[in-house]
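Let me begin by presenting the structure, written as structure tokens, before commenting on it.
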């Protein structure tokens, strides 16, 4: 990361509550939400922030949602939050947790009001429409948890690894044309600001020249000591595969383990992709 970007994200760290001891609000406070611009990191990996040549969304699941009903009785629920990958900003995850915590002692007459409030606040924060669904626990009791992504698991490959900083040179192809669905549970990187580990699974769906599986796995493992936010890591994987492998079509889907009750799940694709049916919950989530 160049010095200009380091300065930008250091300013973000200083202005946000990442890595700092935070006070918790007793009542609803939308001012806790903190946006982070997408553009600087996209410029670093040569993704035009204004381009429509890639598509996708960011999906967040929040497992610790609670507020008070009109009689003061607590309500608990789960929330699913999603927004388009072309929003000007992402939401800083700690600020989202603190925002949701501010709802805990706040009174709302019904679920619909909670949904409308959250959607309005998050949309204002990132400068783009945010879809919010809030589900009482009784509605999600039968939710399926999947052991893994569909596809060929790369993690069974017996390879030697010694590079733990991002190395796209591992990526290569043969002349054979294929359509493949691949995945790995070995994705690990670190938060750009706090250096805390981020654990995830990644699925790669592509059509084109066959990508060398061993090299792809080494490439994914090379993120192990890399510092970047979840969304930025998935976009970097997408951009590197497009650059080094030049597939006809590509989708990269990351599903990360939760922190502070939240998990983040970005997808980037060369084709328009609908959110419906994509929010599958993996075993580590």
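A Cβ is built for glycine as well, from the same backbone N, Cα and C atoms used for every other residue.
Copied from Swiss-Prot, the annotated features are:
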| type | residues | note |
| --- | --- | --- |
| ACT_SITE | 191 | active site, thioimide intermediate |
| ACT_SITE | 198 | active site, proton donor |
| BINDING | 91, 92, 93, 230, 231 | substrate binding site |
| BINDING | 93, 94, 259, 260 | NADPH binding site |
By Cα-Cα distance, the member of recorded positions 91, 92, 93, 191, 231 nearest the residue listed as 'active site, proton donor': 191
Max pairwise CA distance, angstrom, over record-listed substrate binders 91, 92, 93, 230, 231: 11
Largest separation between Cα atoms (Å) of residues that the record links to NADPH, namely 93, 94, 259, 260: 9
Binding-site residues near the residue listed as 'active site, thioimide intermediate' (Cα-Cα within 10 Å), from 91, 94, 230, 231, 260: 230
Any further residue of that chain within 8 Å (Cβ to the Cβ centroid of 93, 94, 259, 260) of the recorded NADPH site: 96, 97, 261, 262
Close binding-site residues near residue 259 (NADPH binding site), where close means Cα within 10 Å, chosen from 91, 92, 93, 230: 93
Distance [Cα-Cα, Å, rounded] between residue 94 (NADPH binding site) and residue 230 (substrate binding site): 13
In sequence order, the binding-site residues (91, 93, 230, 231) whose C-alpha falls within 10 A of residue 260 (NADPH binding site): 93
CB contacts for residue 93 (substrate binding site) [other CB atoms within 10 A, all chains]: 22
Which of 91, 191, all recorded positions, has a Cβ with the fewest other Cβ atoms inside 10 Å: 191
All-chain count of other Cβ atoms within 10 Å of the residue listed as 'active site, proton donor': 23
Mapped DSSP class for residue 259 (NADPH binding site), helix or strand or coil: strand
Residues near residue 231 (substrate binding site) in space but at least six apart in sequence (CB under 8 A): 38, 58, 85, 90, 264, 266
